[in-house]
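Note sheet for the following structure.
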Amino acid sequence: MSTAAAPAIVGSAVPQPYRVVSRRVDTADTVTIELAHDAGPLPAFAPGQFAMLTAYGIGEVPISLSGLPDPGDDRARRLTHTLRAVGAVTRALHATAPGATIGVRGPFGTSWDVESAAGQDVVIVAGGIGLAPVRPVLHAVLAGRARYGNVVLLVGARTPADLLYPGELLRWAASGVQLGVTVDRPADGWSGHVGVVPALIPHARFDPAHSVAFVCGPEVMMRFTAQALIERGLPASRLRVSLERNMRCGVGWCGHCQLGPLLLCRDGPVVDYARAEPLMSIREL
Amino acid sequence: MTGGVVSRVAALRFFAALNPRQLDQLCEAGTPMSYQPGERIFAEGGDADRFWLIETGSVALDVRIPGRGDQVIETLGAGAVLGWSWLHPPYRWQFGASARERLETIAFDGAAVRNRCDADPAFGYAMLRLFTPVIVARLQATRLRLLDLYATSAQVGRP
Ligand SMILES: Cc1cc2nc3c(=O)[nH]c(=O)nc-3n(C[C@H](O)[C@H](O)[C@H](O)COP(=O)(O)OP(=O)(O)OC[C@H]3O[C@@H](n4cnc5c(N)ncnc54)[C@H](O)[C@@H]3O)c2cc1C
Ligand code: FES
């Protein structure tokens, strides 16, 4: 038995205390929190990976990383998560104020592998809270902008008030990202698109033969988005989706997150569509 | 005149599957039309006597709800085709449409295109093959939105 393995086991099996250092309200039910470690930090997270966040006394849920750590300063190991209050645990996490402590395990799961898109056009399609897990992709691509071709970001939301990161969306557009935003239900004064996000795909400017797509949102939205991207000529093997199932252990022990042959905490959440598609259409899964 | 319309229509993908003769025949019924931002293109219940190929700009489809005014239900952008009620009786618009920004279009005379479809079944079939996917795609988009995918369980059914 090796003691060298102990920190990894602690990080993956025992929640580490992290302090909430900032809390930004994004929408009526969504906040972005930044977490700093009090003791030893967990290993670095890659875009696409998730943490198990514990609201002490209530429960633990998987939440993706929504920002990239800023390398080179003391914030390097801070974690950024955007979470939407939908049930008991996310409501408790949503309500945590700066200074509060929450438990963190991780990093878990597969990454978006942004690096593999170098030299290609990058197409990012997000629906609802799905913009949070792909936000680090954008950060990584913009940090190395010259290494990528066209960058397309297509975002769908329920209403204009539900749009995440509106200020950042404008900054990304100003820095050359081809931005398309659409809502299901417009409010008075909304002058943007109305309709579903796959409808934006035929008009986006990218070369399907030389692109990598990163898609995150409700599963049905991802299926229709994938179909529209494939119709444009993008191979399913260069299209990645982030899949969600209930999670418990996060490390492939308990089987809660099983999707056919995959354990999504270990083989996902990011899965290429060529692999995911047959599993997403099986009713029993 | 038709030559200009043909090249403008051919510059967009929508009618790419038509052969050159069919494209010429279609374009005989086409006229360039521009709209100012906010200008109404057609109103719900009006005569559906045309359809448009959008070259630049975008269009809002709307429905009038008493007490709430014209509610936008979908927007269409460059390259899309606007209107299919000209295809089927009673040839009335189910929704309204207005320009969201300055709009350049080619407008096609619905009755003339229908007559051509009746007279030349190959042309008619080609048109149907182009318009059916549009209708299917809009139906699918509507169904997707009915699912209210981004709502929490507490929000489902609420505006
Ligand atoms: C890999 C992974 C990454 C995730 N990343 C994020 C993230 O970055 N931000 C974020 O806000 N959420 C994220 N989630 C979803 C989050 O884990 C769930 O919302 C959370 O587990 C719900 O727990 P709860 O106790 O608050 O609610 P529960 O009591 O478990 O559920 C309350 C209600 O919400 C519904 N619900 C539960 N989970 C989801 C879901 N995933 N989507 C929609 N409805 C749901 C339930 O059906 C129920 O109606 C992620 C999930 C996974 C698997
Ligand atoms: S959550 Fe336990 S195996 Fe994946």
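Just so it is clear, glycine is given a Cβ too, placed from its N, Cα and C backbone atoms.
If you check TrEMBL, you get these features:
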- A:13-114: domain 'FAD-binding FR-type' (DOMAIN)
- A:CYS249, A:CYS254, A:CYS257, A:CYS265: [2Fe-2S] cluster binding site (BINDING)
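For A:CYS254 ([2Fe-2S] cluster binding site), the same-chain residues that are 6 or more apart in sequence and have a Cβ closer than 8 Å to its Cβ are A:ARG248. Same-chain neighbours of the [2Fe-2S] cluster site beyond A:CYS249, A:CYS254, A:CYS257, A:CYS265, judged by a C-beta within 8 angstroms of the site's C-beta center, are, in sequence order, A:MET247, A:ARG248, A:GLY250, A:VAL251, A:GLY252, A:TRP253, A:GLY255, A:HIS256, A:LEU263, A:LEU264, A:ARG266. Within 10 Å of its Cβ, the residue among the binding-site residues A:CYS249, A:CYS257, A:CYS265 with the fewest other Cβ atoms is A:CYS249.
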